[in-house]
Amino acid sequence: MDVQGYKWVRWRVWLCRLAALLSLGLLLLVFHWRPRFGVFARCKSCPPALADILLLRDSFGQQHVVEVLTEEMEEGSLELLGQSEDTESRDTVQLYKEEKTLLRYYLFEGLRYVWVDRKGAFCRVSVLNEDWTCNNLHGSQKGLSPLEQSFRRTIYGTNLIDVPVKPYPKLLSHDCEIIMFSRFLILTSHSRSLRIDICTGLCVFSEEECVSSVELVPGDCLIIPQEGMLLPCDAALLAGECLVNESMLTGESVPVLKTPLQASDRKYSSDTERRHTLFSGTQLIQAKGGRPGGGGAVAVVTSTGFFTAKGDLVSSILYPQPIDFRFYRDAVKFLLILASVALIGTIYIFVTWAELVIRSLDIVTIAVPPALPAAITTGTIYAQRRLKQRGIFCISPPRINICGKVSLFCFDKTGTLTEEGLDVWGVLEAGPAGFSELVPEPRLLPPGHLRSGLACCHTVALLRGQLLGDPLELKMVESTGWTLQEPDGDGSVLNAEFGGHKVLAVMRPPDQQSTDEAMAIVQRFPFSSALQRMSVVTVTHGGRSALAFIKGSPEMVASLCQTQTVPAQFSSKLHSFSSEGLRVLAVAYKPLNVNSNLREVEKDMHFLGLLMMKNLVKPESAKVINILRKANVRSIMVTGDNVLTAVNVAKTCGMVGSDEKVIFITATPHTAQSMPTLRFSLEEEAALSGQSSVEGGFVYHLAINGKSFAVLCDHFPEYLPKVLMRATIFARMAPDQKTQLGIIFITLTVKYCYYGANDCGALRAADVGVSLSEAEASVASPFTSKTENISCVPLLIREGRCSLVTSFSLFRYMALYSLIQFCSVIILYTVKTSVADQQFLYCDILLVTLLAIVMGRGGPSEELYPSRPAASLLALPVLGSLFIHTCMIALGQLAALFITTSEEWYIPLNATEVGTANLPNFENTCVFDISGFQYIIMSVVVTKSYPHKKPLYHNMVFLILLFVQFGVTTWLVLYPGAVFSRLLQLYNISDMNFKLLLVSLAALNFLICFVVEVSDLYGASQIPRLLNYTAKSTKSDIFKVAVIESS
């Protein structure tokens, strides 16, 4: 983030105040809309260390103005910031003129940034603990002294996630500014304050005092009760185990087992140590083994407030990334075009300076429609309501329009395309002679290490007699027939039974199988998607036979085993099972010392065998993928599973057709003996060169795994765009690689969203992120679906296209409404008269507003068509049709005026009067009559339906309103009556033939505009072909990407 410092200049401040007074507050309005202008006008540039005001530029290029705050601190407290109290070691810039010690900081999007001398910059306050090691955290078990707590509370701030809500006076003043700019606006204001403040009793180790969670600071030591709690901060677990429900953050409904952080010299990071980190906002279901008596756990606070995982989630909702959509960009540009039209009109009507001010304000509010923002949102509101009725909830309505441009959908595999649960399909035990015969269930295996490993290598926990854990591990444990037992009380009984070791859990074999021994789990290293494995350490009765078991992806487990223990048929068997769509896990073991660390455990293992599990594809998946293929919407799969399993699922659900080929990309990194290589090969193992794989005479899909993806990014970046445009399967992708994939798509101007099992941030960043989870974390996603399959995808695209077409039509209608009124005013100003105020109200409220409200009620078409609606308001067909419509509007009004002035009964205007003083008159009446028809005509002309909306007759409210308004307008032309003529200041013309001629003129106007619009609708599609635009030559806005995640 770019930071520039500025200091107040007193004489500039007073000069700006005087200018604001003389401009009647207009200057303050400019400063409110463009804060940086206020900084430039009232401040001078200076080093950030001396600044009163900072001008920030974020990663999206947006500028923000923040004030530098100061807070007095105790002597010696700056040591926490790495600042020396010795004046001789200070920089040449004198930061503090006062004798007292001041902390300089600012707040931005909830985060606190403090001035750090040693870095010479404002840094996030979290930088102060970024160098903490695991040993440092273990050394914090004694807690902090009251003085240290006070120092840190001053620097870090309170442990609150405060959501600022504007007070009513500020909201009112802001709304008044908007009213000054427009004559009509629908205002929406928040009426409720959101303050997230979790207060719970915690203990600090020094004296084990109970304090409010608001007072917590990084470094505090916490005692977690056995019955669990709602955690108010991020903390590293140092002693005991915790069963945690992290659905609030990740959307995963499965409880996660957290284990103690091992002491070491490596730096602590909550991202790399997720298995040992307790996150703010998560519910601790149970804590055990960390305190005397076996209950509770011990943890150290690592982050507070907005720096926690929950704070990051709330911050991303409060301050989302800007929506970069062409429709919204063009809307602003189009308003500038209308403003230019208003300027031309202002110059045209210039008479005197006094009259110019009044008339120019009228012209500006006519040419630039103030109701435009409210009007174009009506289609989105109707779409949001329809989605809600179908069980799809949206927290970001502008993204509904973006759904209309989606051309690429990314799907997770497990739980999204396939069923959530897994069934055991079979077990293969490895031996010196290779693999044995396939066994249907682990309980049918002969007694040995493989059956023991399958029974013990898991993180399943027991809560009130019920097994909790990952569905895969629950099925695995259930298939072995072994039972889980956890220590009671302080666990001394089980500890004594197993040689005095601290027992975490005991797995006991079925009673009828006396040859197997009960095994106690004494160490756990939970599963990590980045490591692709988990491991445990077990002992038998009396502490004998300490064994380590490892379970994970076959490739990873085999790489950690001794080569001679891995059967020669390993690769072929794995290929065979994965090609059948089975989920394959490998198991290995080794004897070792009980107190071994993770590095000692996970090496030189003995390979035991393979466990195969079946994950069925949901029946809805194939139907939806087929619909997307027919609509030319590309689908890809990103998964952590084996590439062959992913290919099988892709073929089953239709991502890869039966007659289509899959080309595997294999990349090897640079080594001392060889250069990096990139190889393309078909499923049948036939090697292909890069050129032949791209230019082959068959339809193909690329498949790549995580390792090859990393090599491709590092050594072959020139091939990366080509691969991404053709790849359908991304397998064995680690969480950070999925994030990297999203970043690369963004750099290729592809609107991309990353999705994964434990990353809600990617859903928030996506153009269209859809969560299939009902957990609290789904609030981070723009869309949440109640249905547990991807059947919502076609509906979402259809509603998006319908909403985009409706917004497009409404924008054009509001522009044409302004141009109709603009032409009327300019023509009447030319002949020294004007439009009456009552006539303005009739057209604005009874005609245009009612039509704009009901135009968007038409629903989406039942089918998903291959073409996508246009999103550019500045395209040649759009501007061309608007220009022709405007010309027809002006010609129609001029024709009505000339016909009127050519009649025998016409009476010229009084030359001594101007404006409304001349009303009623013939000129005003004829122009008003024809313009009334034009408002109705244009609402029909610009309302397109085919192929993305239902036909016009499905919108019955709109049709009824059209007939009513047409009837009322015709009545006002033919038989206005004395009362309405006086009310609307119309001249009661008695010539019926003339009135019928006006109605005929309106009909001719409608016919010409309708023909122009229809020819634009069917002719615009030929323009790209005539201009030789092809899909391959498109350089920007290639894909709008959506993602579906299931938790």
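Here, residue 1 is simply the first one shown, and the rest follow in order.
Cβ atoms are placed via backbone N, Cα and C, with glycine included.
Per TrEMBL, the features are:
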{"type": "DOMAIN", "residues": "1-115", "note": "domain 'P5B-type ATPase N-terminal'"}
{"type": "TRANSMEM", "residues": "12-33", "note": "transmembrane segment"}
{"type": "DOMAIN", "residues": "209-316", "note": "domain 'P-type ATPase A'"}
{"type": "TRANSMEM", "residues": "334-354", "note": "transmembrane segment"}
{"type": "TRANSMEM", "residues": "810-829", "note": "transmembrane segment"}
{"type": "TRANSMEM", "residues": "841-858", "note": "transmembrane segment"}
{"type": "TRANSMEM", "residues": "878-899", "note": "transmembrane segment"}
{"type": "TRANSMEM", "residues": "952-974", "note": "transmembrane segment"}
{"type": "TRANSMEM", "residues": "994-1015", "note": "transmembrane segment"}
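The predicted model assigns the domain 'P5B-type ATPase N-terminal' (1-115) a mean pLDDT of 78. Against the transmembrane segment (841-858), the recorded stretches 810-829, 878-899, 952-974, 994-1015 differ in Cβ pairs under 8 Å, and the greatest number is found for 952-974. Fewer than three CB pairs closer than 8 A are found between the transmembrane segment (952-974) and the transmembrane segment (878-899), and contact between the two stretches is not assigned (pairs 6 or more residues apart).
Broken down with DSSP, the domain 'P-type ATPase A' (209-316) shows 21 helix, 40 strand, 47 coil. Beyond its flanks by at least six residues, the transmembrane segment (810-829) meets 331, 334, 338, 341-342, 345, 348-349, 359, 362-363, 366-369, 371-372, 375-376, 378-379, 835, 840, 843, 848, 851-852, 855-856, 873, 878, 882, 885-886, 889-890, 893-894, 897, 923-924, 927-928, 931, 934-935, 938-939, 942-943 of its own chain at Cβ-Cβ distances under 8 Å.
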